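Chemist: First the structure, then my questions, so here it is.
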Amino acid sequence: LLFGERPFWWIGESRLFVNKQPKIHQFPSTCETGPGSPSGHAMVTAAVWWVIVSSLGSFLYSRSHSVLLSAAPYVLYVVMLVAVGISRIFILAHFPHQVVAGSITGFILGIVLSCRVPEGRPLLFFFSLSFGLLFGALMLHAGLKQLGIDLSWSIALAKKWCSHAEWIRLDTAPFSSLTRDCGALLGLGLAQYWKPGGWSLPWAPRALSMAVSSMGLYHVNRLPLPVRPLGLFYSLFFVKFVLVPLIVMVLVPGLVHLLTFKKKKD
Ligand SMILES: O=P(O)(O)OC[C@H]1O[C@@H](O)[C@H](O)[C@@H](O)[C@@H]1O
């Protein structure tokens, strides 16, 4: 809803450079299809890493009582955000203010959301939130279209100005982000429903679970999906992200628990 142009299409669309075209270079990750404001990469990085960094900072302080040591994760956090921001600007996916807006929004989200983990909620909570968001967005899209505002305006611009058609990826479209989040929400609810509180594992099986989950997610993420018809793509994309919390929270730790339990019995 904030819209926001992206440099890789704005350079052509603005018609400011018709007489003197700047020498620009696009990259495979330049051709994002969503609007540019605020930067999603900066926002997600700032939000997710805040949760990790603030816990690590408190942990280090509780063990060492050293302000210097406990400040190290926060310094790394800032360095990482700057690196992500510069890379988004460098590939022409963003203007600097969009990256700054994304980092600040993500930082606030990280603080707010880390205090509000939806623990102990019934499956119905996740189910209604997931489908409510999905249908709410669809209704908003249809309603605004009736008023002459097309929320998919950026996809046409990305297709027009991307130097390689194969760099346009449907999973960067705004509706893909939404289906991904709604799918993950439902998956989180199902995971909590099937294994409330998750598996409590000692550190070694827990580390093994994390390693196996990472490999599992890598492969789930690489699963090629048919891009036509669109409805099929979005449905499969939704299902793919329902699976993510189930793999990480139920399937892999459950298998590891079974294996270690069996080994102990032997
Ligand atoms: O706005 P940016 O930095 O180009 O990031 C866009 C990305 O933002 C993420 O938040 C979305 O989940 C992705 O689907 C999307 O591609």
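Positions of Cβ are set from backbone N, Cα and C atoms, glycine also.
The annotation domain 'Phosphatidic acid phosphatase type 2/haloperoxidase' is assigned in TrEMBL to 5-114. What TrEMBL lists as transmembrane segment is 42-62, 74-93, 99-117, 124-144, 232-256.
Please situate the listed features within the shown structure.
Modeler: Residue counts for the domain 'Phosphatidic acid phosphatase type 2/haloperoxidase' (5-114) by DSSP state, with H, G and I taken as helix and E and B as strand, are 75 helix, 0 strand, 35 coil.
Within its own chain, the transmembrane segment (99-117) is flanked in space by residues 37-51, 54, 81, 84-85, 88-89, which lie at least six positions past its ends and keep a Cβ under 8 Å from the stretch.
Within its own chain, the transmembrane segment (124-144) is flanked in space by residues 118, 150-152, 175, 178-179, 181-183, 185-186, 188-190, 192, which lie at least six positions past its ends and keep a Cβ under 8 Å from the stretch.
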Chemist: Looking only at residues six or more beyond either end of the transmembrane segment (232-256), which have a C-beta under 8 A from one in the stretch?
Modeler: 170-171, 175-176, 179-184, 186-188, 190-192, 194-195, 198-199, 201, 205-206, 208-209, 212-213, 216-217, 220, 223, 225-226
Chemist: Between 0 and 100, where does the mean pLDDT of the domain 'Phosphatidic acid phosphatase type 2/haloperoxidase' (5-114) sit?
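Modeler: Mean model confidence (pLDDT) across the domain 'Phosphatidic acid phosphatase type 2/haloperoxidase' (5-114) is 93.
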Chemist: May I ask for the residues of the chain that lie six or more residues beyond the transmembrane segment (74-93) and have a Cβ under 8 Å from a Cβ within it?
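Modeler: Same-chain contacts beyond the flanks: 6-8, 11, 24, 26-27, 29-30, 32, 36, 39, 41-42, 45-46, 49-50, 53, 57, 99-100, 102-103.
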